[in-house]
Each structure stands twice: as C-alpha cells, then as structure tokens.
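Step one of this worksheet: look at the structure below.
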Amino acid sequence: MDSREFRRRGKEMVDYIADYLDGIEGRPVYPDVEPGYLRPLIPATAPQEPETYEDIIKDIEKIIMPGVTHWHSPYFFAYFPTASSYPAMLADMLCGAIGCIGFSWAASPACTELETVMMDWLGKMLELPEAFLAGRAGEGGGVIQGSASEATLVALLAARTKVIRQLQAASPEFTQAAIMEKLVAYTSDQAHSSVERAGLIGGIKLKAVPSDGNFSMRASALREALERDKAAGLIPFFVVATLGTTSCCSFDNLLEVGPICNQEGVWLHIDAAYAGSAFICPEFRYLLNGVEFADSFNFNPHKWLLVNFDCSAMWVKRRTDLTGAFNMDPVYLKHSHQDSGFITDYRHWQIPLGRRFRSLKMWFVFRMYGVKGLQAYIRKHVELSHEFESLVRQDPRFEICTEVILGLVCFRLKGSNELNETLLQRINSAKKIHLVPCRLRDKFVLRFAVCARTVESAHVQLAWEHISDLASSVLRAEKE
C-alpha cells in the first residue's frame, strides 16, 4: 500500500468507523457466539501472497463483528466506561503515523515534553497539590501508564525499593531478603484485584482491611491492622486507598487514612481509576480531599474522560522515588541532555522501556472539548445514573444497595441471590442490554453503569423497561 492508496483506504475506513458508531445501537450489544467460533473462519496459516484490502474489509463484518461486544453501544451498561471520542481517534491515527518509541527525551523530544505538559494540565484540572506537578522545577510530576494496574505496581515497587534502602542505610546487616520477608502492604477488602496482583508480582504480603458499612476503609480498621503487624515484627510500608471501587463506587476515607500513613512513614497510593475523571467538576472535587497525604495518585482518562485506551494518568510527589527504583542506563540509551536536570526520561518512570505518543490523545481531546465540555459530559452521565436510580426506587420489588454518587447504580430484586442471578442471566441472554454483577456482603447485586458517550435518557428508560419486564417473568416463574 503506497501513500496514494492509503489516502483512499483511510477515507474509506473513516467512513466505516463513522457508520459503525452511528449505527451501533442497531447491533446486539453482546455477541451470539460460542468459544472458539473464530478459528474455523480463518485459515490455519498466514497467506503466502498478498490479499486485497477489499477482502479484508469484507471479513471484518463476516468474521470480526459477530464476535464483538459493543462497548460503545448506548445499551452497554457493564463494567465501567471505556472512553471514546473522535478527537482521540484522530490523535491515535497520528500517533501510529509518527510511530516514535518515546523512552527518552532524545528519542522524541515532543513526545516527552507534551506528556509532561498534558499531565500538568490535567493535574490543574483536578486541583492537585502543587507537589504533584512538574512545572519548571518541581520535584513531582505526572506520567502516562498503560493502566491503573501498571500504576499500582509501579508505586508498590518504588515504595519497596525506597523502604529497603532506608532500612539498609540504618542497619547495613539487614539483607534485602530478610527485609522482604517482613514487608506488608494493605488495601481495602473492596479494592480492585489488580492491587492483589501487584502484591503477587512484587513478592509482598498484601492484607485486606475490613471496610465499614459504606464499603469504605476507615482509620480504626487500618490502625488496628498496622499495630497488629508491627507487634508481630512485620514492617508496614504501603497502603492503597481506592476512590470509586469497582464493585459499588465506594470511597475510602482519605482524611482518616492519609494522616496515619504519614505518621507511620507508609507510602499512600490512591487508585481512582474510574472516579478520578469526575474530580474535574467542582461539585465532585470533595471526593479527592486528602490527596495531599498521598505519595502517588492515579486515575484513568481512558475510562471516563473521552481519551481512548490506553491512557492511565499517574502523579508522584517525588520523581526520584520512581527513577531511583527503575533507573537503567545502558550506553545505547544515553544522550547528551540526560544529566542537564531540565528533561525527563520516562523510561525510568515505568515497567517497560518503550512507550507510545499517548499524550497526543489528551492534547486533542482537551483542546477540542475544553474543560467545560468535559465537565458537561461527566455531569450528564451522573444525571442519567440518578434517573435510573429513581426508576428503581419507584418499583417496590427492587432495592438500591449503595449510595449513588457518580455513574454507577447497584440494585437488586428483593429476595434471594438465586433470584437475582436468574434475572441477570435473562438480561444478558436477551442481548438487548449488557450488565455485570458484583457481590456485596454476600449479596448478589446487579450493576448499572452509564458508559457510552452517546447514551441518552431514552436508552436508560428502555433499559429499565426491559429489566422490569424480565423481572416480572422471573418472579412469575418463581411462584409457579
């Protein structure tokens, strides 16, 4: 394919994408395929000779689309949103065309410098403390990770390296292996599974702190866990607080947990993967109160801020905590500006070496929507979630399980777990809408997350009518 054909095919692909998204609600939101459906439709080996672009495009509808879960359908209410917008798609095209691997400033100065500026832009939108911003001479700063899972792992490994060095400086006879055996990290029993995975990868004992009646980690429970482990000779060093848990969008109490972490010299990492986007709205910024106690903070613009995957924003107060843990400097990566003190080499801030020009997506989206446009988008989703909450509350057969704060509603039929499992199975089998469950205090609960960029009140109303009708069917069957 030369540039001439690329111009033609590129325009055709833009038309295909626009048609796909314009007509997405006409497709079943969940695919009607069985595991292994695709292999028989594709040859066992790659073609020896080139195939035509026309044949490939035909196979998209024939082979790929039947197995796609349409995350951007206005009838997709599962998990949490995954962001999508036309400005971000255009930026991704440009990113692919430039194709730089921005592991250092010298590898592509614009890639590095735009990321630094965009992370400062976003930090200011969130009203983060100055300590988290790079500015012109700041000690902190932001970096784009691939996911919140990566950000948590990076924070844990940095905290681990830091505490090991501190302990060995005080007691040189204390070996790394001996220290590792005693290190312990903490998070709420409502935290995302990626926190547990970070502990596994980092070789760290991770303990779940019981949450309160609102599924929030509080001071008393954390203090009790810390004191118990210190008495047993263990070394607490890392706490993950969650703002907007995956199960029910609950919030750990930063104003209680933060001071304890600071008093104990424990690294506090905040995971706000979903909820963080909402903090650009003044009315939701209170949910971030206490961030000043944190050592690192992370959320995913690729969830709810119209920046397509992947784009996970992470800030640290002390960049040397990251560079001290991940600095590898072989001669083939060195460059003449790296010791100037004026530039950032992001390879020292992350697990992999290579990195894409992801900040282009942020730049396009922030400029083409503006802060006010992004705030309006968040507010619309929150309004729709409260609309759904109101519909549920009007039906005495159902109950709301947690406070609705942002774009997630947790609800269930009054009755057994089996009844609700049956309802969810009916909902997803019908393929008109898509939901996923959670379990709260041993109760099977349905989650309704407002996700799509194009979702409107009419979609929420139709979704509720569908759920209500299926609930009637399930309840009739139970009586019979």
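Cβ from N, Cα, C; glycine included.
Database features (Swiss-Prot):
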| type | residues | note |
| --- | --- | --- |
| BINDING | THR82, HIS192 | substrate binding site |
| BINDING | ALA148, SER149, THR246, ASN300 | pyridoxal 5'-phosphate binding site |
| MOD_RES | MET1 | N-acetylmethionine |
| MOD_RES | LYS303 | N6-(pyridoxal phosphate)lysine |
| REGION | 58-178 | region '2 X approximate tandem repeats' |
| REPEAT | 58-115 | repeat '1' |
| REPEAT | 118-178 | repeat '2' |
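Sequence features annotated in Swiss-Prot and their locations in the structure.
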residue: MET1; record: N-acetylmethionine; Cβ neighbours (10 Å): 10
residue: THR82; record: substrate binding site; Cβ neighbours (10 Å): 17
residue: ALA148; record: pyridoxal 5'-phosphate binding site; Cβ neighbours (10 Å): 24
residue: SER149; record: pyridoxal 5'-phosphate binding site; Cβ neighbours (10 Å): 20
residue: HIS192; record: substrate binding site; Cβ neighbours (10 Å): 21
residue: THR246; record: pyridoxal 5'-phosphate binding site; Cβ neighbours (10 Å): 22
residue: ASN300; record: pyridoxal 5'-phosphate binding site; Cβ neighbours (10 Å): 29
residue: LYS303; record: N6-(pyridoxal phosphate)lysine; Cβ neighbours (10 Å): 25
Which value does the mean pLDDT take for the repeat '2' (118-178) in this predicted structure?
90
Excluding ALA148, SER149, THR246, ASN300 themselves, which residues in that chain have a Cβ inside 8 Å of the centre of the Cβ atoms defining the pyridoxal 5'-phosphate site?
SER147, ALA151, THR152, HIS192, SER194, ASP271, ALA273, TYR274, ASN298, LYS303, SER312
What does DSSP give as the helix, strand and coil breakdown of the repeat '1' (58-115)?
30 helix, 1 strand, 27 coil
Among MET1, THR82, HIS192, these being the recorded positions, pick the one whose CA is nearest to that of ASN300 (pyridoxal 5'-phosphate binding site).
THR82
Between the C-alpha atoms of the residue listed as 'N6-(pyridoxal phosphate)lysine' and ALA148 (pyridoxal 5'-phosphate binding site), the distance in angstrom, to the nearest integer, is 10
SER149 (pyridoxal 5'-phosphate binding site): nearby recorded positions from MET1, THR82, HIS192, Cα cut-off 10 Å
HIS192
For HIS192 (substrate binding site), the spatially nearest of the recorded positions MET1, ALA148, THR246, using Cα atoms, is THR246
Would you identify the secondary structure of ALA148 (pyridoxal 5'-phosphate binding site) according to DSSP, in three states?
helix
